Amino acid sequence: MSGRVGDEFQTKEIEACDHSGRLPYIHKVGKPPKQNLLKEITNVVKETFFSDDPLRSFKDKPKSKQLMLCVQAVFPIFDWGRDYSLAKFKGDLIAGLTLASLVIPQDIGYAKLANLPPQNGLYSSFVPPLVYAFMGSSRDIAIGPVAVVSLLLGDLLQAEIDPKDAIPYRRLAFTATFFAGLTQLALGFFRLGFLIEFLSHAAIVGFMGGAAITISLQQLKGLLGIQKKFTKKTDIVSVMRSVFNSAHHGWNWQTIVIAVTFLAFLLAAKHIGKRNKKYFWVPAVAPMISVVVSTFCVYITRADKDGVQIVNHIEKGINPISANDLFLSGEYVGKAFRIGVVAGIIALTEAIAIGRTFAAMKDYQIDGNKEMVALGTMNIVGSLTSCYVTTGGFARTAVNNMAGCHTVVSNMVMAGVVFLTLQLITPLFKYTPSAILASIIIAAVISLLDFEAAILIWKIDKLDFLACMGAFFGVVFISVEIGLLIAVSLSLAKILLQVTRPRTAVLGKLPMTSVYRNTLQYPEARQIPGVLIIRIDSAIYFTNSNYIKHRILRWLTEEEERVDECHLPKIQHLIVEMSPVTDIDTSGIHALEELYKNLQKREIQLGLANPCTTVMEKLYQSEFADEIGESNIFPSVGDAIHTFQPKTIITEEP
């Protein structure tokens, strides 16, 4: 007969009689065939960059079909567009109109977060959604400016150029958007999307929560009608100091009345939509209703003459070309590149997370790399047409989904409404109070405070919670970019900690079975007299090999002390269960050699159980398999025990 170790390579079977006359099979781990170096490198590259096998659909297809598939891969609209119907368009039309009523006032407010004119916010919901509609693979995501990216971009830009220098500031914003798109496009084209996975979910929750607090604090200027100089810093201490310093002569009571009234209305509308999904349209149309009503009230009362700040002017007309405005040489190129990379990655992370969430809800798949190419192309085109960094927003995507969208045609409808707004309606926004935009932004970003997610993170993983809180407090008390840096640093620190300090466990045999499990998880599992079984729950690399060696020896020392105290048989065999060990490097081999020599001095025999193909191949190449002896390498812990302690096993078998 023949068996397999980890279903990966053949083993040989050796028959041995036990004392009861039965004939158990003791398997010997066979030497794996030598791997071709080129093939091994090819497999690593394939699994790293092409794990989804993107060329699978092109196999065995005629050239004409392959060309059509290639076009569909770049422009998915030519794929799903063939099955588009009037029924789907009705759903997309309603969703697009509902979406437009939400995003138009939000876009004007979000442009203020980025310290840009309001029309740039509207521009960013016209051209980019159209580009994404042709290239994106998500059916639900709604494209446009979002609060977090707007705040981050504004914070980074004003550190380089004063927003009062409007022309160079806008040029830097467009250049940063260009580099943001270029970064996203490069990540998708070179299939490097796995890099964004280094920003953990916990860190994102903390970062978004901190950004929500910071954005809300920034709106206090508009909410209270503060007209005096307000801090450019985003940390809570600086903002609150500016607020209190202006309390005696800088607040406007009419502005406060408008802001508080409509903020209460917006929050009530959001609550109604959350409690009953049938009324999803209530929070969607509430911002537009607020803008219309507040603008009308300010116009008829001329409250702007009493200190109520208004939008004043939004340029009429669609996106002007801005290709000649980009800084492609000079001192600002490097600064724009740095800002663009940061903003692009954050925008990408948010869009991919939202796209995957809604795709899972509707049971379809999105291609992460295609999404990056689509988002990157969208932002590059946007940078050439007076837009700033856009991505998929959670609130608008949720509205789009609940309004019954079927495809990204809803984005086209929304873009069409924005187009009409830019062409016909922008003069009507002249008397829109700034306070109403602040209220809309606050109502929108409150959903970024995910308390339930934070509580769940605390329950599941305390280190994750530390990363979450580190990112949160970094954003709130220092700055957005420092909070982001803390989020990334803590995510990487957790990875390093897990890699350098992997878990190990002592195994015992479950009564009446041949199964060996962690004695801490299964207290009823009994250790085999004279044998210590250790499981290593990680690959063995230079980062952890020394720790693993010392941890095993510490387990052995503790077990020897316990054995002496209880007058049990002396430890004669140490078995290392290696099934979770997916790989090993030269440092790991060296650590095993040192462990083996240390055990020899103690007159303890080392056995290895269930090493995978990769590990087994390296054990033979390093000649450690010959040093330890092939007879001491086993397919399973059970086989090792059958060899080392046959009498013990026989008496325990049912």
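Backbone N, Cα and C atoms are what each Cβ position is placed from, and that goes for glycine too.
According to TrEMBL:
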| type | residues | note |
| --- | --- | --- |
| TRANSMEM | 171-190 | transmembrane segment |
| TRANSMEM | 202-220 | transmembrane segment |
| TRANSMEM | 251-268 | transmembrane segment |
| TRANSMEM | 280-301 | transmembrane segment |
| TRANSMEM | 336-360 | transmembrane segment |
| TRANSMEM | 372-395 | transmembrane segment |
| TRANSMEM | 407-429 | transmembrane segment |
| TRANSMEM | 436-458 | transmembrane segment |
| TRANSMEM | 470-493 | transmembrane segment |
| DOMAIN | 521-644 | domain 'STAS' |
By DSSP, what is the split of the domain 'STAS' (521-644) into helix, strand and coil residues? 63 helix, 21 strand, 40 coil
What is the average pLDDT across the domain 'STAS' (521-644)? 92
Proximity verdict for the transmembrane segment (280-301) and the transmembrane segment (336-360), three or more C-beta pairs under 8 Å: no
Are there 3 or more C-beta pairs under 8 Å linking the transmembrane segment (202-220) with the transmembrane segment (470-493), counting only pairs at least 6 apart in sequence? yes
Contact between the transmembrane segment (336-360) and the transmembrane segment (171-190) is defined here as three or more C-beta pairs under 8 Å separated by at least 6 residues; is that satisfied? yes
For the transmembrane segment (202-220), what are the same-chain contacts with Cβ under 8 Å, counting residues 6+ beyond its ends? 113, 147-148, 151-152, 226, 234-236, 239-240, 243, 349, 353, 438-439, 441-442, 445-446, 448-450, 453-454, 457, 461, 464-465, 467-476, 480, 483-484, 487-488, 490-491
Is the transmembrane segment (251-268) in contact with the transmembrane segment (336-360), using at least 3 Cβ pairs under 8 Å (sequence separation of 6 or more) as the test? no
Same chain only, please: residues at least 6 beyond the ends of the transmembrane segment (251-268) with a C-beta under 8 Å from a C-beta of the stretch. Say none if there are none. 222-227, 283, 286-287, 290, 293-294, 297-298, 303, 306-309, 433-436, 438-440, 442-443, 446
